[in-house]
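Participant: This is the structure I have questions about; it appears just below.
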Amino acid sequence: MSENSPLAGLLAGKKGLIVGVANQNSIAWACAQALHGAGMELAFTYQGELMRDRVMKTVSSLGDVPVFDLDARSDEQIDALVAALRERWGSLDFLLHSIAYAPKAAMANAFIETQREDFSAAHEISAYSLVALSRAFAPLMPEGASIVTMTYYGSQKAVPGYNVMGVAKAALEASVRYLAVDLGARGIRINAVSAGAINTLAARGVAHFRDLLRITAERAPMKRAVEPSEVGNATLFLASDLASGITGEVMYVDAGFNITAG
């Protein structure tokens with residue numbers, strides 16, 4: 001985003017936490033670039049030392065930004081992150097939740113073969129982590145703050161190979177609606193962005209993903225796949241006061257693919 005863009009100062013003075021950047025192809029990174037371009041000060045998380053260098057390299061282009069280790073399954077680590085950001089910033093205006101996980105076996109086999117422990121793991125990380133993070137950070141968020149999570153159309157329709165992740169994303173979207181009720185009393189908004197098929201590290205774990213990209217481009221009204229920057233811009237909108245009356249919603253950014261039949 002150039003300095004002459006009308007959005008360049010839209011989020012000036014705001015502070016946001018990005019959970020879920022894996023590399024420069026991550027949807028979360030596209031969102032971070034849009035938010036940073038609009039003036040938001042950002043912090044990032046990574047999970048474990050294996051991801052640390054990759055995330056640090058990715059975010060280095062934004063300058064000296066704070067980066068924290070976070071396992072979203074751990075309430076203790078979440079609480080430690082809240083304390084660190086409270087000490088550093090005092091408050092938090094925006095939270096991006098862009099993490100999801102399902103064991104390989106649950107994605108490779110038929111859905112009916114999903115094992116109990118794999119089902120639980122997918123839901124804990126992909127859906128419950130949003131609840132845990134929202135609960136922990138809400139006291140740090142002022143009126144007008146915003147939370148955005150990332151979902152996919154496989155929550156609504158049976159997408160080949162998406163399996164338990166589709167069920168977890170359905171739980172995530174339902175969680176957004178219930179969280180919107182609880183957070184609304186505090187003046188905090190929460191929404192989901194349903195991005196179209198994008199070639200990310202996470203997407204490569206979905207069987208037949210290349211076919212899905214091709215089908216998306218063929219069937220979408222705009223006859224193309226969506227760009228990561230378009231998802232970033234939608235997230236920027238939801239993070240800003242321009243979306244002050246929107247909460248509990250799922251915004252589709254998929255070149256119109258979700259409206260098509262067949």
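Glycine is treated like the rest: Cβ placed from N, Cα and C.
The active site, proton acceptor annotation in TrEMBL covers Y152, Y162. Summarising the annotation, TrEMBL assigns NAD(+) binding site to G20, S26, I27, Q47, I99, K169, I198, N199, T200, L201, A202. Annotation comment: TrEMBL describes A102 as substrate binding site.
So where do these features actually land, and what's packed around them?
Facilitator: Y152 (active site, proton acceptor) has a Cβ environment of 26 other Cβ atoms inside 10 Å.
Counting every protein chain shown, the number of other Cβ atoms lying within 10 Å of the Cβ of Y162 (active site, proton acceptor) is 24.
Counting Cβ atoms from all protein chains shown, I27 (NAD(+) binding site) has 25 others lying within 10 Å of its own Cβ.
A102 (substrate binding site) carries neither a helix nor a strand DSSP state and counts as coil.
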Participant: Around I99 (NAD(+) binding site), which residues of its chain at least 6 apart sit with Cβ under 8 Å of its Cβ?
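Facilitator: Once residues fewer than 6 apart are set aside, I99 (NAD(+) binding site) is near V19, G20, A72, I125, S126, S129.
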Participant: Below 8 Å Cβ to Cβ and six or more residues apart, same chain only. Which residues does that give for I198 (NAD(+) binding site)?
Facilitator: I27, A225, V226, E227, P228, V231
Participant: How many Å separate the Cα atoms of Y162 (active site, proton acceptor) and A102 (substrate binding site)?
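Facilitator: Rounded to the nearest whole number, the Cα-Cα distance is 10 Å.
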